[in-house]
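Engineer: Got a structure here, written out as structure tokens. Questions coming.
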Amino acid sequence: MKRTASGKFTGGFIFAPSTEVFKEKWKVKQNEVVTFIPERVYIPTQQHIGAPPELVVEVGDQVRAGDLIAKAGDFVSANTHATISGTVVDILEWPDNSGNKVETVVIKKKDDEVREKRQRNETFESMDKQQLIDRVTEAGVVGMGGATFPTHVKLTVDEDVEVETVVLNGAECEPFLEADNLLMQTESDKIVTGARIAQKILDAKKIVIAIEDDKPDAIQAMKKAAHAFSDIAIEVVNTNYPQGGEKQLLEGLFGIEVALDGLPVDAGTYLMNVATSAAVTDAVEQQEPLINRFCTVTGDVQNKQTVSCPIGTLTGDLIDFCEGFLGDPRKIFVGGPMMGKSIDTLEVPITKSSNGLVVINTENARYYEESPCIRCNLCAEVCPMRLEPQNLDLFYRAGEYKRCQDLKADACINCGACTYVCPARRDLARNITAAAGKINELLQEA
């Protein structure tokens with residue numbers, strides 16, 4: 001672990017003026033929650049890193065929102081729940097946002113479906129650590145910032161590990177997305193409570209909530225929610241990309257550089273996305289499973305907004321709710337344009353990690369022919385993990401996967417910074433991700 005105390009993380013960049021134009025054009029400006037409940041939901045049983053869960057429902061079953069439909073298959077796994085009340089009308093293989101077909105439960109909504117949060121009026125202070133972890137486990141909470149690692153596993157640390165600081169990540173550095181921004185404005189108390197639950201479980205001394213400086217309303221709301229707690233600090237960080245990466249955030253906040261193969265807990269910190277923190281509060285104090293999330297729908301759509309919707313809502317239904325496309329769509333990203341995944345069907349469902357949909361029409365989409373690398377080194381300068389994207393790209397194209405392994409391709413965080421700045425228009429990030437996949441295959445064969 002290296003301490004730099006620089007106040008800024010390694011690499012990264014500020015988006016070009018051309019991107020800033022679209023950030024302003026596509027900006028979602030709202031301070032109230034908009035809710036949408038579709039007629040049907042398509043719920044993938046596995047939405048997490050780890051073992052697949054075991055299906056516990058059949059076609060024809062009547063379910064209520066919050067009922068278990070797939071039980072965690074191992075410790076590193078997660079429960080999956082019905083997100084609306086109704087009838088299980090199908091269980092089938094259905095496309096996810098990676099293009100794979102996965103086991104999916106289809107639920108048709110009850111005609112009189114009304115979504116009401118359970119009001120149990122319990123507080124976490126009255127529970128012991130194991131009770132807290134058990135409730136997070138039962139609720140199927142996973143990392144909602146993109147990683148989808150089961151939260152109960154992350155909260156279960158070895159006894160000899162000391163966690164000094166719980167860090168909440170409210171950076172939301174992807175351009176165009178506002179889901180976490182709106183959540184911090186509307187559910188700030190719940191977010192703070194989730195951090196305090198994690199603090200109790202981990203015996204942490206303090207909490208730091210990091211928010212980028214382009215979110216003034218969220219900053220104000222979170223400061224108000226945290227003002228009564230002397231051990232909670234709101235830290236305003238620069239709007240640099242990828243500020244929201246866990247290692248980048250730690251370096252910027254504390255001057256701590258975590259090793260490529262290390263974890264934040266190695267530096268005495270526990271990181272959690274603000275949406276995950278809110279879900280932890282629901283799980284513990286309301287026994288409400290993770291069945292709903294905020295999702296920003298923006299870009300070339302008629303009505304740009306952040307929507308609260310059940311997990312399993314189809315992207316096409318969500319876009320229809322936002323009054324459809326502006327022009328002919330050319331690209332649709334689940335997540336942001338930097339780290340999100342491009343989809344080719346509107347039948348892909350929203351999952352626990354889907355924080356946004358970004359639509360780009362034929363007028364605004366840009367396609368470039370790649371040219372040979374000019375060895376300018378820009379990609380290496382912006383890489384927050386200190387990798388050598390130009391060499392990784394070269395070795396991947398040559399099929400030299402062992403060389404890619406030597407250059408730590410598997411440490412890439414898929415931020416896309418290298419591709420964004422490349423003047424030769426080479427898709428470096430895609431090839432490095434593919435190289436990491438090849439390395440994984442080699443390790444499995446060994």
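Just so it is clear, glycine is given a Cβ too, placed from its N, Cα and C backbone atoms.
Annotations per TrEMBL:
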- 364-393: domain '4Fe-4S ferredoxin-type' (DOMAIN)
- C373, C376, C379, C422: [4Fe-4S] cluster 1 binding site (BINDING)
- C383, C412, C415, C418: [4Fe-4S] cluster 2 binding site (BINDING)
- 402-433: domain '4Fe-4S ferredoxin-type' (DOMAIN)
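Each of these features: where is it, how hidden is it, and who are its neighbours?
Structural biologist: When Cβ-Cβ distances below 8 Å are used as the criterion, the domain '4Fe-4S ferredoxin-type' (364-393) is approached by residues 9-13, 22, 242, 245, 247-248, 260, 300, 330-331, 404, 407-409, 411-413, 415, 417-418, 420-429, 431-432, 435 of the same chain, each at least six residues removed from its ends.
For C373 ([4Fe-4S] cluster 1 binding site), the number of other Cβ atoms no farther than 10 Å from its own Cβ, over all displayed protein chains, is 17. DSSP assigns C373 ([4Fe-4S] cluster 1 binding site) to coil, not to a helix or a strand.
If you draw a 10 Å sphere around the CB of C412 ([4Fe-4S] cluster 2 binding site), it holds 22 other CB atoms from the protein chains shown.
Mean per-residue pLDDT, taken over the domain '4Fe-4S ferredoxin-type' (402-433), amounts to 96.
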Engineer: Just give me the nearest neighbour of C412 ([4Fe-4S] cluster 2 binding site) among the binding-site residues C373, C376, C379, C422, Cα to Cα.
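Structural biologist: Result: the closest of the binding-site residues to C412 ([4Fe-4S] cluster 2 binding site) is C379.
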Engineer: Taking only the Cα atoms, work out how far C373 ([4Fe-4S] cluster 1 binding site) lies from C415 ([4Fe-4S] cluster 2 binding site), in Å, as a whole number.
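Structural biologist: So the Cα of C415 ([4Fe-4S] cluster 2 binding site) lies 20 Å away from that of C373 ([4Fe-4S] cluster 1 binding site).
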Engineer: Please report the Cα separation of C418 ([4Fe-4S] cluster 2 binding site) and C379 ([4Fe-4S] cluster 1 binding site) in Å, rounded to an integer.
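Structural biologist: Cα to Cα, C418 ([4Fe-4S] cluster 2 binding site) and C379 ([4Fe-4S] cluster 1 binding site) are separated by 4 Å.
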Engineer: Using DSSP, what is the helix/strand/coil residue split across the domain '4Fe-4S ferredoxin-type' (364-393)?
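Structural biologist: Secondary-structure composition of the domain '4Fe-4S ferredoxin-type' (364-393): 10 helix, 0 strand, 20 coil.
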